[in-house]
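Per Swiss-Prot, the features are:
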- Asp141: active site, proton acceptor (ACT_SITE)
- Thr170: phosphothreonine (MOD_RES)
- Ser171: phosphoserine (MOD_RES)
- Thr175: phosphothreonine (MOD_RES)
- Thr179: phosphothreonine (MOD_RES)
- Ser184: phosphoserine (MOD_RES)
- Ser241: phosphoserine (MOD_RES)
- 264-443: region 'Interaction with PCNT' (REGION)
- 282-292: compositional bias 'Basic and acidic residues' (COMPBIAS)
- Ser300: phosphoserine (MOD_RES)
- 301-443: region 'Interaction with CEP85' (REGION)
- 306-334: region 'Leucine-zipper' (REGION)
- Ser356: phosphoserine (MOD_RES)
- 385-398: compositional bias 'Basic and acidic residues' (COMPBIAS)
- Ser389: phosphoserine (MOD_RES)
- Ser396: phosphoserine (MOD_RES)
- Ser401: phosphoserine (MOD_RES)
- 402-437: region 'Interaction with SAV1 and STK3/MST2' (REGION)
- Ser436: phosphoserine (MOD_RES)
Amino acid sequence: MPSRVEDYEVLHSIGTGSYGRCQKIRRKSDGKILVWKELDYGSMTEVEKQMLVSEVNLLRELKHPNIVSYYDRIIDRTNTTLYIVMEYCEGGDLASVISKGTKDRQYLEEEFVLRVMTQLTLALKECHRRSDGGHTVLHRDLKPANVFLDSKHNVKLGDFGLARILNHDTSFAKTFVGTPYYMSPEQMSCLSYNEKSDIWSLGCLLYELCALMPPFTAFNQKELAGKIREGRFRRIPYRYSDGLNDLITRMLNLKDYHRPSVEEILESPLIADLVAEEQRRNLERRGRRSGEPSKLPDSSPVLSELKLKERQLQDREQALRAREDILEQKERELCIRERLAEDKLARAESLMKNYSLLKEHRLLCLAGGPELDLPSSAMKKKVHFHGESKENTARSENSESYLAKSKCRDLKKRLHAAQLRAQALADIEKNYQLKSRQILGMR
């Protein structure tokens with residue numbers, strides 16, 4: 001039996017969608033809180049009616065945890081009003097989240113931005129998939145106001161009023177629709193719209209989540225179109241990682257064939273862990289719905305990915321243990337080197353002490369004046385004649401004078417040599433002091 005308007009209780013109005021009013025309602029049968037979109041199709045043109053039918057059919061076909069769930073539709077032919085009953089997202093939309101961040105002057109956490117990116121990309125993957133008859137769904141109006149959050153801040157993509165189904169034999173849609181701030185360069189140039197146009201809009205949305213403003217702004221649509229075709233925009237705030245900035249920059253590439261696909265985005269290392277977690281949760285939900293335990297088959301690509309992650313973690317643990325062993329070995333080597341340095345320092349101090357004693361001893365010996373070797377000429381045998389004579393007296397005086405002069409010269413030479421040795425010892429002492437400081441520096 002089809003549902004009636006009387007089966008629901010209107011609680012209050014939430015806002016206005018693309019072509020109608022949204023109201024929060026309660027289903028009387030079980031008290032479940034839902035929302036319906038109230039649309040007056042009597043005032044619509046044939047094109048608008050066609051778009052309305054398209055949205056209803058899409059909502060019935062698209063079933064994904066990150067897409068707003070469709071529950072029912074009610075046709076009031078008397079008042080030419082269509083009610084589309086959908087899931088209620090009590091977390092509001094991303095537009096209100098951005099407005100709050102702008103008002104509070106507080107940026108959103110990168111973890112939240114990455115989670116939004118992951119869940120939105122998974123929703124777009126469901127839309128862009130070429131299965132179930134080869135249909136591809138383009139959202140064509142991806143913006144913060146059309147992305148909703150549930151009570152746990154999970155993303156829900158909604159408002160498919162502008163979406164259009166593409167078949168295999170029709171690769172592009174050419175209708176000029178969408179929100180100007182998020183329109184792609186090909187839309188601004190009146191070119192064909194494809195899956196990569198949704199990727200551009202996703203990049204604009206993620207950019208606005210980070211910067212709290214769109215990447216391209218202008219006072220009129222002509223100026224905005226020029227800026228979008230030029231493709232220049234500022235980097236997202238530096239509080240966000242380079243990886244996130246690079247991925248958003250790739251999404252906002254002027255050439256659509258250079259933009260990443262949904263599969264390439266999901267394969268990014270930046271969100272690989274989040275993707276695996278979302279896929280695991282989705283499988284658990286399916287298991288609960290079917291009443292079977294949520295076991296993954298061995299052939300499941302998700303299980304293979306989880307096993308790969310586990311192996312990678314084990315490899316990282318082994319690498320960390322190996323690094324710990326290396327660090328312990330280095331610590332032992334440092335202890336040995338420290339002991340060797342202490343031994344070298346003790347030997348150096350002992351050598352310095354011995355050299356100091358030797359220096360003092362040698363200086364004392366030089367000051368005492370050891371016996372001097374006389375020259376060979378002074379050692380000639382003297383001729384003695386008995387009795388005193390003038391010759392003998394003169395020779396004796398000359399010998400004494402010669403000996404005194406020779407001794408003086410020899411003493412000067414020895415004093416000079418002692419000074420040279422003292423200087424050499426001082427240099428040696430300085431050298432050992434320097435070596436001692438170097439040894440201490442090794443510690």
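Residue positions begin at 1 at the first shown residue.
The backbone N, Cα and C atoms fix where each Cβ goes, glycine too.
A distance of 11 Å separates the Cα atom of Ser184 (phosphoserine) from that of Asp141 (active site, proton acceptor). Ser241 (phosphoserine) sits 27 Å from Asp141 (active site, proton acceptor), taking the C-alpha atoms as the reference points. For the pair Ser356 (phosphoserine) and the residue listed as 'active site, proton acceptor', the Cα-Cα distance reads 92 Å.
Mapped onto three states, the DSSP output places Ser356 (phosphoserine) in helix. Neighbour counts were taken as the number of other C-beta atoms within 10 angstroms of each residue's C-beta; across the modified residues Ser184, Ser241, the minimum falls on Ser241.
Mean predicted confidence for the region 'Leucine-zipper' (306-334): the pLDDT average there is 80.
Here the region 'Leucine-zipper' (306-334) is broken down by DSSP into helix, strand and coil counts: 29 helix, 0 strand, 0 coil. DSSP assigns Asp141 (active site, proton acceptor) to coil, not to a helix or a strand.
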